[in-house]
Amino acid sequence: MDPVQLLLLMMMMMMKMCCSRATELRNKRYTVNPLGHKWTHYNITYRIIKFPNTLNVEDTKKAISIAFTKWSDVSPLTFSDVSEGNATADITIGFYTFNHTDCWWAPLHPCFDGLNGELAHAFLPPRGEIHFDNHEFWILGKSRFSWKQGVWLNDLVQVAAHEIGHALGLWHSRDPQALMHPNATYTGQRNIAQDDVWGIQRLY
């Protein structure tokens, strides 16, 4: 390859890189927490310390595991359940009712309000806590309305994946297709979108 061809090839590669970066910047709608809170290690452990009333232990563990896998598939992070051992967990997960502990001093995390409304909330690293409303009807499967019971059945995988994003350091995204969009738990967005990938890879 002569020098002219080499120069043209290098220019084309640079243009491609710039265009790719410009596309990301133009489309980026994720928000990383402004203080940059994140985990300082990539092997994150978690423990379920309180299980829901409406879902058995096995299905609860399966749902939480699936939710964590969504993030490990698009990042260098790995997640291990240490519920059975004595190891200290980075992230603790529990299902609670009404004024459980945090809402008195955490205005960004409303107290649970009974059936429907506030489904869950999470805290940024390094606190590592995810709380679910135990008044809700949690299921392993897509959210749907049960005419027989007259209540919404909430997909634990979908809600957990959203809250895990917060526990890893992400805030809400402005992309309506993103799992981290504030309305994702109500629209049923169950999968990681490109905007979520950009966000988590920006942090880690």
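Cβ coordinates come from backbone N, Cα and C, glycine included.
Positions annotated as signal peptide by TrEMBL: 1-22.
The domain 'Peptidase metallopeptidase' annotation in TrEMBL covers 35-204.
D90 (Ca(2+) 2 binding site) carries neither a helix nor a strand DSSP state and counts as coil. When other Cβ atoms within 10 Å of the Cβ of D90 (Ca(2+) 2 binding site) are tallied across all protein chains shown, the result is 20. Sequence annotations record features per position, and here TrEMBL assigns Ca(2+) 2 binding site to D90.
Positions annotated as Zn(2+) 1 binding site by TrEMBL: H100, D102, H121, H131. The DSSP secondary structure for H131 (Zn(2+) 1 binding site) is strand.
Marked as Ca(2+) 3 binding site by TrEMBL: D113, G114, D133, E136.
Per TrEMBL, the feature Ca(2+) 1 binding site maps to E136. A sphere of 10 angstroms centred on the C-beta of E136 (Ca(2+) 3 binding site) encloses 26 other C-beta atoms.
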Rounded Cα-Cα span from D90 (Ca(2+) 2 binding site) to D133 (Ca(2+) 3 binding site), Å: 21
Euclidean distance between Cα atoms of E136 (Ca(2+) 3 binding site) and D90 (Ca(2+) 2 binding site), Å: 25
Inter-residue C-alpha distance, E136 (Ca(2+) 3 binding site) and H121 (Zn(2+) 1 binding site) (nearest angstrom): 13
